[in-house]
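> The annotation domain 'Formyl transferase N-terminal' is assigned in TrEMBL to 2-175. What TrEMBL records for G8, T9, N10 is N(1)-(5-phospho-beta-D-ribosyl)glycinamide binding site. The (6R)-10-formyltetrahydrofolate binding site annotation in TrEMBL covers R61, M86, K87, I88, L89, N101. The active site, proton donor feature in TrEMBL is assigned to H103.
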Amino acid sequence: MVLVSGSGTNLQALLDAASDDAYGATVVAVGADRDDIEGLARAERAGVPTFVERVGDHLDRDKWDERLAERIAGHRPDLVVSAGFMKILGPRVLAAFPVVNTHPALLPAFPGAHAVRDALAYGVRVTGCTVHLVDAGVDTGPVIAQEAVPVLEGDDEKSLHERIKTVERGLLVEMVGRMAREGWTTTGRTVRLGTTSGRTTK
Ligand code: GAR
């Protein structure tokens, strides 16, 4: 299942890939932390069940985490993909499911909500995207795959982010598909794909 907060172009790439049986994964549900976003509309158009859990509708983040974990569990996903979900996931969700996140920078550089803006402000010549497992920190989990994207003369946040997102969608689709088809193991900070033995985190 996929969690979104915005336009959902990464979600769309997953939905498109999953329409082919050979992909090996389906999107069983889409969850969001806000209403009226294109990500939810994309799921509805694809006939995928959706739900919304707003932090503000709960007493505190702990209660939100508890309810979000229940909502996710209701769809019995093998994997949760955070694709532009702009909230830090809590301990209950993370204990119950493996979660993959896509981030628009080469972690550990530029974690957080403004990665593209921060990379431009720093003046880097190369940035990119990272697909990683989520742990309790902010964009600190073990890296699954990364791809570089050059910063071009005259780039602004929008143009650079669009170029990163083109690469990011391909990388996310490829990695989620491989995880579903081949399995993975995590040993310390190393994620190894293609280990049919399972998904044990040591
Ligand atoms: C993506 O670039 C994703 O990496 C980023 O939001 C965008 C969502 O695009 N996520 C973060 O910055 C999380 N820190 P989308 O809604 O079109 O898939």
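Each residue, glycine too, has its Cβ placed from N, Cα and C.
Here the structure is a predicted model, which means the values were calculated and not measured.
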> I'd like to know which of the recorded positions listed (R61, K87, I88, N101, H103) lie near ligand 1, counting only a CB under 6 Å away.
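Only H103 qualify.
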> Going by Cα-Cα distance, pick out whichever of the binding-site residues R61, M86, L89 is nearest to T9 (N(1)-(5-phospho-beta-D-ribosyl)glycinamide binding site).
M86
> Taking the Cβ of G8 (N(1)-(5-phospho-beta-D-ribosyl)glycinamide binding site) as reference, which residues of that chain separated by at least 6 in sequence fall under 8 Å from it?
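For G8 (N(1)-(5-phospho-beta-D-ribosyl)glycinamide binding site), the qualifying residues are V30, I37, E38, G39, L40, A41, R42, A43, A83, G84.
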> Using a 10 angstroms cut-off on Cβ to Cβ distances, just flag whichever of M86, I88, L89 is the loneliest among these binding-site residues.
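Counting other Cβ atoms within 10 Å of each of the binding-site residues M86, I88, L89, the minimum falls on M86.
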> Counting all other Cβ atoms within 10 Å across every protein chain shown, which of the binding-site residues T9, N10, N101 scores highest?
N10
> Nearest of the binding-site residues to N10 (N(1)-(5-phospho-beta-D-ribosyl)glycinamide binding site) by CA-CA distance, picking from R61, M86, K87, L89?
M86
> Taking only the Cα atoms, work out how far the residue listed as 'active site, proton donor' lies from M86 ((6R)-10-formyltetrahydrofolate binding site), in Å, as a whole number.
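Here the two Cα atoms are 11 Å apart.
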> Listed (6R)-10-formyltetrahydrofolate-binding residues R61, M86, K87, I88, L89, N101 - what's their greatest C-alpha to C-alpha distance in Å?
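This binding site's residues have a maximal Cα-Cα distance of 20 Å.
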> Which of these recorded positions has the least crowded Cβ, counting other Cβ atoms within 10 Å: R61, K87, H103?
R61
> Around the N(1)-(5-phospho-beta-D-ribosyl)glycinamide site recorded as G8, T9, N10, what other same-chain residues have a C-beta within 8 angstroms of the site's C-beta center?
V4, G6, S7, L11, Q12, A13, G39, R42, A83, G84, K165, R169
